[in-house]
Amino acid sequence: MISLNLSPSLNPGLLLHKTRTRQQPTRLSALPFTNSKPFNHRYPLGLSPIRADSKPLLSVSLTNPVYSSGFSRKPRSIAAAAATNSSDSNPDGDYEKSDLGEAEKKEKKAKTLQLGIVFGLWYFQNIVFNIFNKKALNVFPYPWLLASFQLFAGSIWMLILWSFKLYPCPKISKPFIVALLGPALFHTVGHISACVSFSKVAVSFTHVIKSAEPVFSVIFSSLLGDSYPIAVWLSILPIVMGCSLAAVTEVSFNIGGLSGAMISNVGFVLRNIYSKRSLQSFKEIDGLNLYGCISILSLLYLFPVAIFVEGSHWVPGYHKAIATVGKPSTFYFWVLLSGVFYHLYNQSSYQALDEISPLTFSVGNTMKRVVVIVSTVLVFRNPVRPLNALGSAIAIFGTFLYSQATAKKKKIEVGGDKKN
């Protein structure tokens, strides 16, 4: 017996022949072919083999196994055949892929928006810190106390986050504290030196000199055994030239301010180098917690020295500052904002570094200096000579070139490690 399940797409000539010759023996190869398509020698019935993931159009129940034409022994309903014969232009898989694509686009847009907010906060907080830090130093020129208060504000901020479980508290161990002593010391040197520079020269000039930090990074790293390609060495030349031109033409030039900015560069470079060497085994501690621990240790380093250096001048200086400002609350407000926003802008910078590549962070840091320089010049109305502006621009551009060159160096090193 022959049992046939037909779909609307079956050849009508074949159906007619089967009806008339029901009592006769059936040989599939002898059936007439009335399809208008050219005869397919590979597939005698003119039908291509059915795909493994779909059901066939015709089911023949015989004692024979599956035919070479692709027919299956299992019956097939007309509804299933119609589903198979329908157009493949919009299958479920395409809908799923399109949904996934839209979800990825939305996620990418959300991440870009979040990163933009972090960068915006980073720039805004840095501007606020530099403005109110300079305002406080103009009436109270004692940077050691002000720098200590800024570290104190950051320490209190982190302790609040840890105490109320607003941020996970790091696991503190004796080896971690020992490893952190060096980076915290160099961070203290960098911070107090920058504050001393801010107290003696214009904020814009300090930031121009601090843009020369890559020069010290290359020099000290080379002395410690690292090698750099010629592109990196060439990139620091415009930094040196630009800083030199800006220093020569600076209206508020002061040797103490220049020295403070240079020492700050040395301190922060050594902090970065020492951190990489001593904190390799403590990668479970994220950047924000690491900075919080460094702030606490730096406060313990700095405040006793601050008392020794300028402690005897604090009380007379305070009364003079109040007399100059007029309202004690105004002075307190300036000092408080300088301390809070000093920690906040460092916190935002660590959050940005966690989300982006080091190259993007370096470029963002370079642009941050440009924004801070322009903002402080507008707020404090510092006179800027054309050559001074040109030197600042050259130095900033050199910092950008350095970021590009060091990024290429890291890519080469990563590629070499993968080959090895």
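Placed from the backbone N, Cα and C atoms, the Cβ positions cover glycine too.
Bear in mind that TrEMBL entries carry predicted annotations, made automatically and left uncurated.
TrEMBL lists 82-102 with the feature region 'Disordered'.
Residues 198, 203, 207, 334-335, 337-338, 341-342, 344-345, 348-349, 351-352, 355-356, 364, 368, 371-372, 375-376, 379 of the same chain, all 6+ positions outside the transmembrane segment (113-132), place their C-beta atoms under 8 angstroms from a C-beta of that stretch. The transmembrane segment annotation in TrEMBL covers 113-132 (among others).
The domain 'Sugar phosphate transporter' feature in TrEMBL is assigned to 113-403.
Listed as Cβ neighbours of the transmembrane segment (144-164) (distance under 8 Å, sequence separation of 6 or more from its ends, same chain) are residues 133, 136-137, 191-192, 195, 289, 291-292, 295-296, 298-299, 302-303, 305-306, 309-310, 314, 335-336, 338-340, 342-343, 346. Annotated transmembrane segment per TrEMBL: 144-164 (among others), in sequence order.
As annotated by TrEMBL, transmembrane segment applies to 176-199 (among others).
Here TrEMBL flags 255-274 (among others) as transmembrane segment.
Here TrEMBL flags 286-309 (among others) as transmembrane segment.
Per TrEMBL, the feature transmembrane segment maps to 329-345 (among others). When Cβ-Cβ distances below 8 Å are used as the criterion, the transmembrane segment (329-345) is approached by residues 121-122, 125-126, 128-129, 132-133, 135-136, 139-140, 146, 149-150, 152-154, 157-158, 295, 321-322 of the same chain, each at least six residues removed from its ends.
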